[in-house]
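**Student:** So TrEMBL says this about it:
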type	residues	note
BINDING	B:H130, B:D152, B:H154, B:D156, B:D244, B:D246	Mn(2+) binding site
TRANSMEM	B:300-319	transmembrane segment
There are 6 protein chains.
Amino acid sequence: MTNPDFRPISGVDLPRFAGIATFMRLPHIALDDERLSKVDIGLIGVPWDGGTTNRPGPRHAPRQLRDLSSMVRHENGATRIRPYDLANCADLGDVGPNPADVEDSMKRITAFYDRVKAAGIMPLTAGGDHLSSLPILRSLGRDRPLGMIHFDSHTDLFHSYFGGFKYTHGTPFRRAVEEELLDPKRVCMIGIRGPAYDFEDRDFADAVGIRVIPIEEFHARGVEDVMVEAREIAGSGETYVSYDIDFIDPAFAPGTGTPEIGGPNSFQALQVVRALRGLNIVGADMVEVSPPFDTSGATAFLGITVMFELLCVMAEIIGKRRGTN
Amino acid sequence: MTNPDFRPISGVDLPRFAGIATFMRLPHIALDDERLSKVDIGLIGVPWDGGTTNRPGPRHAPRQLRDLSSMVRHENGATRIRPYDLANCADLGDVGPNPADVEDSMKRITAFYDRVKAAGIMPLTAGGDHLSSLPILRSLGRDRPLGMIHFDSHTDLFHSYFGGFKYTHGTPFRRAVEEELLDPKRVCMIGIRGPAYDFEDRDFADAVGIRVIPIEEFHARGVEDVMVEAREIAGSGETYVSYDIDFIDPAFAPGTGTPEIGGPNSFQALQVVRALRGLNIVGADMVEVSPPFDTSGATAFLGITVMFELLCVMAEIIGKRRGTN
Amino acid sequence: MTNPDFRPISGVDLPRFAGIATFMRLPHIALDDERLSKVDIGLIGVPWDGGTTNRPGPRHAPRQLRDLSSMVRHENGATRIRPYDLANCADLGDVGPNPADVEDSMKRITAFYDRVKAAGIMPLTAGGDHLSSLPILRSLGRDRPLGMIHFDSHTDLFHSYFGGFKYTHGTPFRRAVEEELLDPKRVCMIGIRGPAYDFEDRDFADAVGIRVIPIEEFHARGVEDVMVEAREIAGSGETYVSYDIDFIDPAFAPGTGTPEIGGPNSFQALQVVRALRGLNIVGADMVEVSPPFDTSGATAFLGITVMFELLCVMAEIIGKRRGTN
Amino acid sequence: MTNPDFRPISGVDLPRFAGIATFMRLPHIALDDERLSKVDIGLIGVPWDGGTTNRPGPRHAPRQLRDLSSMVRHENGATRIRPYDLANCADLGDVGPNPADVEDSMKRITAFYDRVKAAGIMPLTAGGDHLSSLPILRSLGRDRPLGMIHFDSHTDLFHSYFGGFKYTHGTPFRRAVEEELLDPKRVCMIGIRGPAYDFEDRDFADAVGIRVIPIEEFHARGVEDVMVEAREIAGSGETYVSYDIDFIDPAFAPGTGTPEIGGPNSFQALQVVRALRGLNIVGADMVEVSPPFDTSGATAFLGITVMFELLCVMAEIIGKRRGTN
Amino acid sequence: MTNPDFRPISGVDLPRFAGIATFMRLPHIALDDERLSKVDIGLIGVPWDGGTTNRPGPRHAPRQLRDLSSMVRHENGATRIRPYDLANCADLGDVGPNPADVEDSMKRITAFYDRVKAAGIMPLTAGGDHLSSLPILRSLGRDRPLGMIHFDSHTDLFHSYFGGFKYTHGTPFRRAVEEELLDPKRVCMIGIRGPAYDFEDRDFADAVGIRVIPIEEFHARGVEDVMVEAREIAGSGETYVSYDIDFIDPAFAPGTGTPEIGGPNSFQALQVVRALRGLNIVGADMVEVSPPFDTSGATAFLGITVMFELLCVMAEIIGKRRGTN
Amino acid sequence: MTNPDFRPISGVDLPRFAGIATFMRLPHIALDDERLSKVDIGLIGVPWDGGTTNRPGPRHAPRQLRDLSSMVRHENGATRIRPYDLANCADLGDVGPNPADVEDSMKRITAFYDRVKAAGIMPLTAGGDHLSSLPILRSLGRDRPLGMIHFDSHTDLFHSYFGGFKYTHGTPFRRAVEEELLDPKRVCMIGIRGPAYDFEDRDFADAVGIRVIPIEEFHARGVEDVMVEAREIAGSGETYVSYDIDFIDPAFAPGTGTPEIGGPNSFQALQVVRALRGLNIVGADMVEVSPPFDTSGATAFLGITVMFELLCVMAEIIGKRRGTN
């Protein structure tokens, strides 16, 4: 049984529009809080868009995701998973980036996740732009390369931008492969689409063995078939899940910096996460939600709902370890 | 042939952006108007959100639905039904709620519908939040329980809120079953989804025999198959249709208080109504449109288009009775 | 010197867009926190609009005010007051209302403020609609009637609504006078304007001796002259400050339920607060901010800036008591 | 005493968000209604922007003005005029323009106002773009030229556009002078400002004796002084009042097609109307509200509040005639 | 190989948010520019909504489409076509309409396209409302009737409006057939849906042999099957492509004047264009984008992405002629 | 007389909503265009927000300012200056920043302005955040320190951020004084207000002799009196004008990253520029317009109107030199 200290406030006790907004209405446990050691899954904000090359905004995402998370209740209607019965969950607060220095920001993020990892906590991250994933992987994948299931409209495997700059939201996984944080043979990228200047990213993917499933193939084969393959690629090894909100079609997720037309609908957006059950997940992120381009909060609501699905899958792993599932 | 007094103003005579906004540009016939007895189908507004537990707004829906209804023309392009040739239709105005008193408001609504029923008029309601359906059913279902086709993401079958309060937009159909306004064996709920605090609502449904078709089943089976079953459940008895706009995915219907991710698209939203042809419908409602969360009017436009489809199905019933179809 | 535990996080340490949103980035101290006894000024949210007769929304205000409060820094540029050097400040969280029961909600609010008062904390409230002020005054004014400076476009002195209902956002100060929570001779209402059904509220004001300064007089005399009179009316006795955001012209504060044209501008909105220095203030509120009618946050930003000015005036009182000013 | 049939619905009886939206919640009296002869003041919509040269939209204004008019109550807080006690008021509906033909539209408008004039009704118009004023004046000023007080940022005295086209929203008063519908010596234009291609309009004003008070002079002299002069210019003869919403600064009235920076604030916007008391007004209009550029409704709310002030001034004239004032 | 002068600026050289907005960041070549003769495909704006009968706005579309076109890169991710390697492309600027005169505007448009045709340039147009297509066809189809693939929710085959007016956005293709600019036997209309006053448009289609594929058939058969038929209808003759943004469901394309519920999703919106490969296209347009009803730019982004797909198909034709494909 | 090549397109020839958006509809003259040498005043975009510490967005400003500049006509209604008769004006395009490197971006900007200066062109800049002013001054003030009139709510004289980072939008004028690009004795800052972490910026101002006029003094003294002093401070030497849009109250200019409550209104915003006539201005900028926080364009419209006033003052200088004024 989980600790009653690590459960969300119920909307029956305090209406959902009330109260200080934490992720899922969970308690806020700072890294220096003595209760940290009891946390199984930590929700963490990375309010940073230092890697954004076009339209900025994801630095504002963690706060809006926290706000909208009050709309999400406790038991999953589709899978009937009750994550807070399976795992002690908490909001670990935000990593403080340095808006003026990309490299310093990445160091701060990696250091934060090292402390989280040291406490034995599985992190579920609310980015931030997609460059956020790199410093996280530098912590989680430092000891051995991870597999990865990556939902996105872009591969984020480009080499560099603006005449050689190597750290943008278009490059994190190129770096992560180069730094041996990811095992490319165990990486599957799903939903890739849209025009590009060129496709050297896909040439790189082919060269190192990353499987890219473009959106045309996704729509033709359907969620179930695609996810069977994805699970096979990731295998039983430790796996990271990176979910860029622009994976989903912009009618469903307008609030993002580089949308691409023709993506999955919102039901498919949830189905792909449910299909991750059984994988050996060690961490996950939801990135590229951009509130300035979505003042209604519709994108953040979709984003936090996907995060709840990720949380359910992750809590099930904890529950199985404990034998409480 | 229908009475020329009960037809909408044509956009060819008066441009659609012009004129005082009534439902479908129909004449406004107040309950004390002598022409009331000639009306077959009455469109009624219930500007009330006294049952809303989270984000208020549906009190503003009837007005926005009237405004957007100017966009809807006279003949159904899919079914070729011309409702105004089949039935005398009118805007009966709004029921005046008491914003400060839930029980008084429900009494006012029931009293209004009693007069409508006494005049032999079939009501098509623009709510209001979903609690609106309860006082309507107290009129329409008083003499014998009705069947119901219910499109929604929530069952609205919960027992109570906030420590025992029994009248919210999450409880109307629990009350309606308890009060024997609905025959649970003839009730089918379609599109149910999303996280919940618990699922005692579904336990209740199972206990009394309400058929709940969750969204996962809906997507897997498709509209046609699901609606065959729904029609069988309702059977040939008198049936009410309750349509919560949050049945539809929030990308199509953002303007609502408690959206749930992963719903049907807008084409399916129309198809399910067309599949109601042939049922013995005695009334219908469209609820939970919330203009403050949808200033563009997109949700109201979708809502009023669904109402036009409902109107077509209802007018066909009138037409068949008259032999004018 | 104030306790370092009760200071806001600086934007130099953690960028202002980062972190869980509390009022002014202050620590969250729940009522059962042992540090409560050290708090001098408590910022409290009352997310409630149970008294709203027209367009609901203020239930969402505390959360948006917290979010925008990150934009406000530590030292007042006009008065050079540094409130966090003068008083221990904290975010005491939200009072949980009962959305389904006005009277129960008022009891909960009064009980919360009784605990705050018992801890010797001066409350600065973020409403809620204006009915929020009544249960607060039932705590603060229980022992003896208070004076009040009231900034608003409405007197909120009406008798009742909808056929006798006595508790709406148009009646709180009628009730407060009747219940002897306010001393009408020491009450001054500033900025009153707009059409009404009738003016029985002003007849009541005249009868009991409340001074009403309509907006025409405000604009003709100017801030300084009006505020001299207001201070004289309140005198040296204990005084409450109630600030309805609709005091300010709707071009500056669009996000409110019952705006009235022709109000003060934003500079005057701040000046009137600065003119409260020296009064014996025992509590203050900012009410009627309505986020659904102001998705950009402009109104909340103005509201929280006014709250910061109120906080400066209140902290100065604490500072003088301590001799640290 | 006025006829009880011609009074607005009170928000105490029916909440202000409820009911079919007519101007000021007044009864809708069509031109063929037998009650027409009892109407003193008729509120009329002209949903037409056939004269717009840049950003269209005013065709949608009457509907949005009707919607927001529910926010306006019955007694003027500043002047204490109760218009519905002084005059029988009604919503006469909209004139139906021909969106495809400017000249035909103008003929329809003039014909409508001829019927209104024949019924002895004083018209208060909700446009439409400013060209709307011309066909109205063709009815009201046909028998003898009228004086005019004109609030605007533009003179609308230009000769022609796009190579000779004489009927746009920049030309109505040039035509009205040419057609001897206006007596230029009795015309005063207030608030004129902004860049232009050239100022041949002002040369024309000078040539025919129209008094133009630019905004710089308005701000320097103040409302009171300017309005004394304006009243003198109009004198005791029959006078029309034309109020373009772009007279007001765009921060207060963003929803308009050709805003100009630096206008009056909202309090001045009301003051100038109150200063019209005592003039011999025969009709008035509020034009150029453009809902597509103001989805929040703030501009329409300001516009309808100005219309209420105009209505008060007009009702006072009726009241004086009847000796009921 | 194409001329380096006719290529877009790369976002690697100049960030995509920077620079004067031309279509696709291509060079602006005015009709009197000596480089005109080298252009293969010209992107042209027709900022005109003189044919709009309900909600105006498309006059603003070319500018917003240019702005959003910066988001679109150079190589098609699905078809791998690189249009700028195959054809010299340029932004030819806007045709200047006469907002006050429909017929004069049409003459100006036809004259502009005559010059484009004389220069041997294939035009890709950003309208404008759908009446824009008529004056374009008067140029392109003058010598012999064209075939047409028409994506839309309306046939635009109506006879006349408002008592006989023959030139609106509901009539262009009726006129084009009457004027023998189109060969009705080679015209296929796809996606038609929604209520109408009557269906004389479809009677006309049947009479002259135009193939209308309603949306119900489209959804039932799927994109591939429908497009096989469409290509057969158009055959190998010269064919125009007209793409009304309201073909797509309003959740994906809200910014349009007369949306209809139940359309294709965004992926299908692209698929239908890719299925045009191999046709003998002589020109194409994207019409009815209406920025005032879509301030976020989502509709324009979808519209310009569809235009990029059209450009790819057209460039492939040029490339094949040159043998460079 | 000015060259007809350097005049805006008139809205009489091409409607204002039409055409590719350049600043003021002027011709686009790239730096390598042979006509560059004839340009007197160059309007330049700096789409860059690399110095922004809180809410990003000004990188999008030049494009939105260009779009809205179509609304501004040719002759100043207040001063009757016709800038295009006095000076050859052109849009010189945007400087391309490096979004990933602050220092490289500054070098690119300085290099661009060096070329502009070498061509003898007076630059009028549309930023960009306020750090943009530093690299511009590095070009314009390289040879000798300039005077400056600075309109803003912040001094932008802070030393550093985030632990020593010296280049943000809060530091440009500290750097400019240190680098001897500005003569602090000839610098006047107007409108300063709002809370701060501390006021070391003002201590610096005092130490070096910069005159800071806080908003309280501005409102108390009035525009005229303040501007007399400002002109005296700048004197007859070469002077730069820097205008931050957040000088103006956020009700008028909501679209900016760090608004401060209580600023001047829009009329004063124009008056202060008109009061610059006669100064020896060598360049000017308008910075901190942030489109993502102002999707309606109201802020950009105000910003471009201020730029037109600046252009008038600058053109008058050119005209006087030429003797054509």
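Yeah, the Cβs are placed from backbone N, Cα and C, and that goes for glycine too.
TrEMBL does not curate its annotations; it predicts them automatically.
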**Student:** By a 10 A CB contact count over all chains shown, which of the binding-site residues listed here is most packed: B:H130, B:H154?
**Tutor:** B:H130
**Student:** Secondary structure at B:D244 (Mn(2+) binding site) (DSSP, helix/strand/coil)?
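**Tutor:** In three-state terms, B:D244 (Mn(2+) binding site) counts as strand.
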**Student:** Which residues, given as numbers and ranges, are at least 6 beyond the ends of the transmembrane segment (B:300-319) yet have a Cβ under 8 Å from it?
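**Tutor:** Residues packing against the transmembrane segment (B:300-319) from afar: 23-24, 40-41, 43, 61, 64-65, 67-69, 71-72, 76, 79, 81, 83-87, 89, 122, 124, 126, 241, 243, 245, 248, 252-253, 255, 266, 269-270, 273-274, 276-277, 279-281, 284, 286, 289, 291, 294, 325.
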**Student:** If the Mn(2+) site is taken as the center of the Cβ atoms of B:H130, B:D152, B:H154, B:D156, B:D244, B:D246, which further residues of that chain fall within 8 Å of it by their Cβ?
**Tutor:** B:H150, B:S153, B:T155, B:H169, B:F247, B:T258, B:V287, B:E288
**Student:** At a 10 Å cut-off from the C-beta of B:D156 (Mn(2+) binding site), count the other C-beta atoms across all protein chains.
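**Tutor:** B:D156 (Mn(2+) binding site): 29 neighbouring Cβ atoms within 10 Å.
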**Student:** Fewest other C-beta atoms within 10 angstroms of its own C-beta: which of the binding-site residues B:D152, B:D244 fits that?
**Tutor:** B:D152
**Student:** Which number gives the other C-beta atoms within 10 angstroms of the C-beta of B:D246 (Mn(2+) binding site), all protein chains shown included?
**Tutor:** 27
**Student:** Sort B:D152 (Mn(2+) binding site) into helix, strand or coil using the DSSP assignment.
**Tutor:** coil
